[in-house]
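Worksheet: one structure, shown below.
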Amino acid sequence: MKLQGGKQDSSEGSEGAKGKMTLPLALVALISAFGSSFQYGYNVSVINSPAPHMQGFYNRTFLARTGVPMDRGFQTLLWSLTVSMFPLGGLFGSLMVWPMVNSCGRKGTLLINNLFSIAAAILMGTSELAKTFEVIILSRVVMGIFAGLASNVVPMFLGEMSPKNLRGAIGVVPQLFITIGILAAQILGLNSILGNAEGWPVLLGLTGIPSLIQLLTLPFFPESPRYLLIQKGDEERARRALQRLRGWQDVDEEIQEMYQENRSEKEEGQFSVLSLFTFRGLRWQLISIIVMMAGQQLSGVNGVFYYADRIFESAGVHSSSIQYVTVSIGAINVLMTLLAVFIVESLGRRILLLAGFVLCSASCAVLTLALNLQSTVSWMSYLSILCVIAYIIGHALGPSPIPAVMITEMFLQSSRPAAFMVGGSVHWLSNFTVGLLFLYMEAGLGPYSFLIFCAICIATMLYIFFIVPETKNKTFMEINRIMAKRNKVEVQESKELKDSYPLSRQEEKKSLSSSEM
């Protein structure tokens, strides 16, 4: 993947430089992912390390106010709220995707969304000075709303900006930054850095810095060309945006593909969530994103991370060193997602999804066996560690990054916002459900709870194998035709539509020169 900064002569055409990444496209991907996706990952794990110090602050504040120590049951309730308000806020954020991206645009939504993060960061960073723990719980909801919007809008924004042969690689970048955010929170949360009694307010408040950077830099980059042309009808701005992103002047082929997409779905108009569920032409796309998003979260990734500390402790890792082992797992997660960026365009989406779920299901099955036998067979604890690492590798290669890429690719412009709203809601509801039920599953079933995750992985893998098509290096209209056959509906072919395009500039020049001759 070559990075290219300068503009090319238009005679090279869009075909000649199809595989090259331009500097504006690379920068907009990095700024969007760092300013938004990074914070999703950061806030997933930021409260894990300083939890005892934060709970101590809750207790001291309550004692100062009432003169009596906090009841243990009430403290558990407050901490459960602190943890669970984030995915609940994520659900609320997902429900805001459709109205916001249609009215404010993709870039506009990301810029407005930064205000949520900056406000929450200020509140969390000053909570100890203000002697109020309620604002931490409130801020977790606000950060959840931010993450719910970011986790849907960034993949949509980047997917609509990318050329078809780089759409998968650029589409995995948001997930890469989510894993980098998790790792950053794990490193900064070490006891020796900010995961201590003095440092935790700073640790929580740091989340505002990426938002501030995005707020100051993203306005200098273009809006999604597809949004500008298809939804706003502004061909001139869409053309300028494409020329800047592609690094060459001749973007007629992409402009025509957008007009084709616009004409083919004009009769349906903008899809609401309700019309998405009732429209036959999108039935299998909708079922597919629900299955993939639910499978992503219900496959047990949170359960594996929860168990990891205990597994390493049983293998003889000292409790004081566990946090360093957690950081190393976070680093593996980042490296494998980075690998997915480079291989998704060569291997394709289906292979990564199928291989990922196969590896996750096998890891869950062997982990169940190893956890049951580790008290009697000494080396089983080391097998458990291998299973955790194998699971994380599998999840990072396919189930984590690819479903959001598939939502972008399986839906056209009019239905994409509603599809992301559905997919995002399923993602956050599943996340919330696992967080709520896993402790009960673990108490009742012990290691056998991983067999449930194994079954979910296998079911999702089978669905993908039989139903989900390969989408790499295809235009949105080509993917739409593949799915139309499965839905048993007809799509207008490009030949019928050709007459409806406005003449491209090159065609205008040709027709003028021929009339002059």
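Each residue's number is its place along the chain shown, starting with 1.
Cβ from N, Cα, C; glycine included.
TrEMBL annotations:
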type: TRANSMEM; residues: 21-42; note: transmembrane segment
type: DOMAIN; residues: 29-472; note: domain 'Major facilitator superfamily (MFS) profile'
type: TRANSMEM; residues: 77-98; note: transmembrane segment
type: TRANSMEM; residues: 110-130; note: transmembrane segment
type: TRANSMEM; residues: 136-158; note: transmembrane segment
type: TRANSMEM; residues: 170-194; note: transmembrane segment
type: TRANSMEM; residues: 200-221; note: transmembrane segment
type: TRANSMEM; residues: 286-307; note: transmembrane segment
type: TRANSMEM; residues: 322-344; note: transmembrane segment
type: TRANSMEM; residues: 351-373; note: transmembrane segment
type: TRANSMEM; residues: 379-397; note: transmembrane segment
type: TRANSMEM; residues: 418-441; note: transmembrane segment
type: TRANSMEM; residues: 447-468; note: transmembrane segment
Using a Cβ cut-off of under 8 Å, list the residues of the same chain at least 6 residues beyond the transmembrane segment (379-397) that approach it. 179, 299-301, 304, 307-308, 311-312, 314-316, 329, 332-333, 336-337, 339-340, 352, 355-360, 362-364, 366-367, 370-371, 373
For the transmembrane segment (77-98), what are the same-chain contacts with Cβ under 8 Å, counting residues 6+ beyond its ends? 43-44, 47, 51, 54-55, 58, 70, 109, 133, 136-137, 140-153, 272-273, 417-418, 420-421, 424-425, 427-429, 431-432, 435-436
Can the transmembrane segment (21-42) be said to touch the transmembrane segment (322-344) if we require at least 3 CB pairs below 8 Å and skip pairs under 6 apart in sequence? no
For the domain 'Major facilitator superfamily (MFS) profile' (29-472), what's the mean pLDDT in this predicted model? 93
Beyond the flanks of the transmembrane segment (136-158) by 6 or more, those residues with Cβ under 8 Å of it: 28-29, 32-33, 36-37, 39-40, 43, 54, 78, 81-83, 85-97, 100-101, 106-107, 109-110, 113, 116-117, 119-121, 123-124, 127, 170-171, 173-174, 178, 204, 207, 224, 404-405, 407-408, 416-417, 420-421, 423-424, 427-428
Touch test for the transmembrane segment (447-468) and the transmembrane segment (286-307), at least 3 Cβ pairs under 8 Å: yes
For the transmembrane segment (418-441) and the transmembrane segment (200-221), does the number of C-beta pairs under 8 Å, pairs 6 or more apart in sequence, reach 3 or more? no
